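Feature annotations, courtesy of TrEMBL:
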- 6-24: transmembrane segment (TRANSMEM)
- 6-303: domain 'Sugar phosphate transporter' (DOMAIN)
- 36-58: transmembrane segment (TRANSMEM)
- 78-98: transmembrane segment (TRANSMEM)
- 187-206: transmembrane segment (TRANSMEM)
Amino acid sequence: MVDVGLIVYLTAWYLGNYYYNIFNKTAAKAGGGSEYAMIMAWIQMAVGAVYALALWILPEARKAPAITFTQVMKLAPVGFFTAAAHAGAVFSLSAGAVSFAQVIKAAEPAFAAAIGYAVYGSSVSRAKLLMLVPVIGGICIASASELDFTWACLAAAGGANVAAAFRGQENKKAMAGDMKAAIGGGANAYAIGTLWSTLLLIPTVFITGEWQKMDAFLKVWEDDGLPGHTGFRFNLIMSGLTFYLYNEVSTLALGKISGVTHSVANTAKRAIIIVGCAIAFGESMSPSKMAGCSIAIGGTFLYAVADDILPQKKKSA
């Protein structure tokens, strides 16, 4: 029997992620590239926060989490790294080609493995370590042929990967014990992380000095974009909404399918985003860049399923 709910989740996940990248890049172009990246990142998170709060406030929409102040504070590290990952991603997508930034994002498993081992003492199987070779190699090939290459884009996307790796580890720690039951599911956990991120992104506007350009940003907002551009407000707000929705739907989809199937879906999604955005924005897709993308994405998928294909042998007592 066809699981209609799963099909709806996957479709919404793919479309939401694709259109987030479209809305985000269009807003960035209309607003001056990475000139106001942190302000844009904050607005996107704030849109998601408003949506999450509305679901809790509206009758019979979604039950609010029954957690204590202490439990809320335990989720602060998750919110911090969520904010850092989002800020880095928004800057990278604004500073360079969307397709290139997405290729760098494909290296997230490599960062997760390194940080998990070095900081949290997590073990990584040899099979997974071997799969990092094509991931890193593919990214190197794609980077070498990228016509729109910028160090800022590379550094920001890499920083986003580091933050995402820490977020994953901190989320595991925070959700231990009775926390999961108190929160009431993955959707509420993501909502709380979004609220924390919205709060913690405010200092980045001051740290980066963007607050000094607030008058200029408000002028761009009032004019709905720089001269020659329109739709800045619409695209920025929609990027915030689609960002929240596709992440929430991804969480819901994971609850209906196995981890391996989710990895397959995530790999296919990234390939669609890279190709789709390259076509939409007329970004370069040379044969070598396409080869690098394919190798990196293929390596990412193999990393996700390595332990299922080559299960580790249990040590005898």
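Just so it is clear, glycine is given a Cβ too, placed from its N, Cα and C backbone atoms.
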Average the per-residue pLDDT over the domain 'Sugar phosphate transporter' (6-303) and send me the rounded value.
87
Taking contact to mean 3 or more CB pairs closer than 8 A (sequence separation of 6 or more), are the transmembrane segment (187-206) and the transmembrane segment (6-24) in contact?
no
